């Protein structure tokens, strides 16, 4: 080395200045370090220092070039900045080589310079040239700011600092300059690299030719510089923005290209398809093998055959995990690399701590050591911070992409999965896959690296501990290892409890969902108490499980807090007792403490990560199973080839709803000519809808062939309406064409509805079409089909849900021979026989087979089942119509035909038009479903678009606005909310908890101070005295601390559960007492959200957050106390640091809270759109709109990630800033220890610095917890708000209870009665006066919106009177309790609502009736045959909403309910819409026979049902138009006459 340099590499000779040691190889420490003015030898400066930057750049080069090759963003135009960078780079190269040429010049002059003067300039020159070329190459690849070069220039400057100082000092000492030329070039070089460093910190303009950014608001990250990315400085603008005013949607940045659904889902789908293809190939191969064997070895041995069968079992299923790894693995590995560096760095500080303590002990050491150690601690900590957050950023982004990918793949799959697969998983379960399971992947990503990082950290920590304390470490490790099974046992038990609790929670939410869906029915039947009890029962169990897991949690908290302490205690105790000569000094104690602190994290995380992985693997299986479901075979319906002239042909086809189920349709043969109108008729449940589904390709085709030529439009039996505007529902993604659109509206009789809807055709329709009446929904669904102008129309009973005259209008205008669709092929499933004569063909289905088909006349002539069926009905109708003469059947029908033609002509006359307008007026205002109110116009939509908000919204929906009123006032949550929660917990308990926390920290500090005091105990004859006493006190203090924590977390958990119980009970109580109008204006989703999300937050999140918050707060506090106590100077620094911390915290909390809110608001549309899609999949497929829906879903996911991504970054931004504050605390704690080292002992320094090293984590968590607490405590407020909405009248008023047998006669009287739906709306009924005598049968008719349904609602006081009153048997109904009233009336409501549970519970929730009574009721309602055929009889499980019964059967169940109650007054509300004529007849007959002495009010659709009633009440616009016997009314030729005429009865 000396020959190479021409001088010593490391100074041993005594010089004026000592040398600073960099590597301990060539040194004599006494001469080099023990001096107050260190320096380096010229040889070291010229070799190692000069080469470091070069070594770095050349080693990074290959990786960097590879990166640049793959990453092209277009090139950057040559800018002034770039020119200067290049110019200075060239100059640097010239300067370095000037040195080289100078050395050659010296050679020529026969002065031989040492070789180093040739080698170093050469290396440096080439490296600088490389850097200059890189500047240009990066510019061409579109890199705006280069991290590699910034680090290079930084290293160069750093390494040049030494020679810079050294040269000045040498010159100062010698008084003249040696080697003037090299001296000059060095300073030029130094100036140039500083300039380069500064220039490289600026970023270039965005690349040219990069894909044009159309985004209004692109993410600044893409164009931000290296340093800005490193510190997440680019996020600051949003933090400031969010602090000034709450963030809104428009403030969010768009997603980076790589994070969008489009990119990610495409990649993932590609990998998944590839995976499936690979497996399919293998499977095919194994099949081949098998078949060969069978052929060749006919008499082969049985063993061989067995082997083959086994072989086939081992077939690999396509693994979704592989697809995920291929898609997201590489990106994730970058994060893992950062994690590795960070792990290694985390062990540097404990080593530095031991050096620092050694320095304090050694009073002669030069002061610059101390400062250097403090600086190194700080630098190391800062590096650790930066690298750790880069790692987290990569992990979180991977997690976010995973969620996007999984959501997208599941959505796409759900659109093509078969019906039998769909059956196996409910909509809820599929949505769960999307929300819960995808979320699990996301959560796992954060800590997945712990799988390898934890063992590494544990190994390193043990290695260093062994060096400090020797074998005693094993005692401590033993304690840790013993705690692991304890912790994991707790974890396993907790997991079990969680599963159980989830089960209760799910059933509670399911029940709540049904209750809210059927709340109107519950109110009408006065069934609330029974259901309330059910909910509370479930809730009781749920809280019981919660309590158990709370006990466990406090145990694990105890373990978590005591673990590090127990470990330290056993280690020290063993160490001191093993050998008298083992002295516990400060260095050993505190270094090992800080190492134990490092150990704590991986040891606790490892089991957690492993259990997380176990959980995620379950999710993975579920997702994989779903993705491997059978898909609908797109080719099962042939679309190309078909016999000419036919639109649909089906030959010998058999269909079932699933491969394993028995066929629903057998031997279907039909040819349908193009342009014909075909009706499909048959009894309930004979397979009419299934036939339509089969034509759509929704069923499994077991045999035969189906061909459908042309595009298809489909109108399902239960209309599927999207949550979008009415117009969007009709256009359904087609190009708008105003004329066509208007025609469709006109034909489907929607024009008049639009006049009534608050926003015309821009009215936002709620989920599932909630704010339209059944008829309107059906007509919208039909209009969608008409507008689509397809070739084939499959209409599944579209006329059932509408009034008879509307049905007639629609048939004539749309479906019939002269309708809009004439010339198209139409298949109509129908129950209405009046239309049958006008169709071309009729197909009669009986039990899944076609019993006969042909035209109307042919079927009549055949005189089989159909003719019989028709004859009965036609006769019935004749009798009801009181026809004077019995015409021949056909003539009657003919007459009816001509009549209908007349009515059509009449339609053009202004008079009838006017009448029509009137009866359709106020359609939705008074639709049976409680209409639409202007403010319900999907508040969600309004907030997102931020239209100028029209009238101020009522309080109700204000809460659903993204930005809640309370938070905008102060930016933080009001203290009252915390106070409300404390009240729910109970104030005393709250105080006790805080007090306990103070005690716990006092004990913790006490234990550590005691330890530091112990380490300072003087050593006598190589031993320390009274170690036993020392250990005893240390143990006592530590265990006391653990015990207090146990009590504390216990109390808190109990308090939390108490609060949860009271808050939920209040909410439930209030919701059952809330008037119906609230439910009409509030989407169920919002209320359910209170019951699920917010209750969950109060149950589980808030108590844990408070626990963590108090823990971190007191830890940080005690750290400050300890540091100030040991180095009082620290108090000076605390103020500026606290201010900095406070600001970062406020900025972060404001921004992050708002981001979280935006994120959760934008999250629900993903799931609601998804469940909407799943339920309407058949419609979407029929209209071939799959692609468009996938795009909508993608955009919704992106919308959500747009607020999630800044949320992740805000955490990184905060982490870096807060940890910087923490690092400053470490720096100052060390610095002041160095400054005051003469007055301090080693124990105190160890104590204060080891506390400082821990503070970073708790500071960081404290901000997070503050933010979480503020975000989550809002749940209390939201629940409070819904617990305090106005309530309806009391259920039972004690003094005013009516007599037991009331109403005995059934007299009804309305006196000057007026009512409106809600404040601010018009009156629906105006000054009604009427009297009904007991036992009368009254039919109520009127055009839609005339107030028919409102009348019934008034009887039940669902609507309260504005003025006037109703008397029943002389009792004013407004004076008695609601339940007394409602339980004495009976209603058969319009929508048959069933709850999931047994049939028995659906008939008799209070268990009032005996089995005999129930069977009697079932027999009378014609359900006995069905129920007794079920294996479980009365305990037959009805599914959610009674989905496993047909609509007709559900209606019959409602009839059975009425028969059971059998009160004096029966109300029938349009109960006859969705039923075929037979069922209708059954009901009418039952009512006529069973309720013969009751007062019956019927709201009629089909006038023929009320023709024989005592009197008919005709309502018009909320007033009584006519009220008399039917015959008189027809004679009077008024409104009733015109309606009867429309229906062909007059």
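Placement of Cβ uses the backbone N, Cα and C atoms for every residue, glycine included.
Predicted automatically and left uncurated, TrEMBL annotations should be read as such.
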Quick test of your reading of TrEMBL: among 988-1011, 1060-1083, 1156-1179, where does it put transmembrane segment?
988-1011
Of 398-420, 421-443, 444-466, the range TrEMBL labels transmembrane segment:
444-466
Counting only pairs 6 or more apart in sequence, are there at least 3 Cβ pairs under 8 Å between the transmembrane segment (147-164) and the transmembrane segment (48-67)?
yes
Residue numbers, six or more beyond the limits of the transmembrane segment (472-490), whose CB comes under 8 Å of its CB atoms:
462, 465-466, 552, 555-556, 559-560, 563, 566-568, 570-575, 578, 582, 592, 596, 599, 603-604, 606-607, 611
Intrachain residues whose Cβ lies under 8 Å of the transmembrane segment (1031-1053), provided they are six or more past its termini
547, 550-551, 553-555, 557-558, 561-562, 565-566, 569, 572-573, 576, 989, 992-993, 996-997, 999-1000, 1003-1004, 1006-1007, 1010-1011, 1014, 1103, 1106-1107
Using Cβ atoms and a strict cutoff of less than 8 Å, what residues sit near the transmembrane segment (48-67) while being 6 or more residues removed from its termini?
22, 40, 120, 123-124, 126-127, 130-131, 134, 148, 151-152, 155-156, 159-160, 162-163
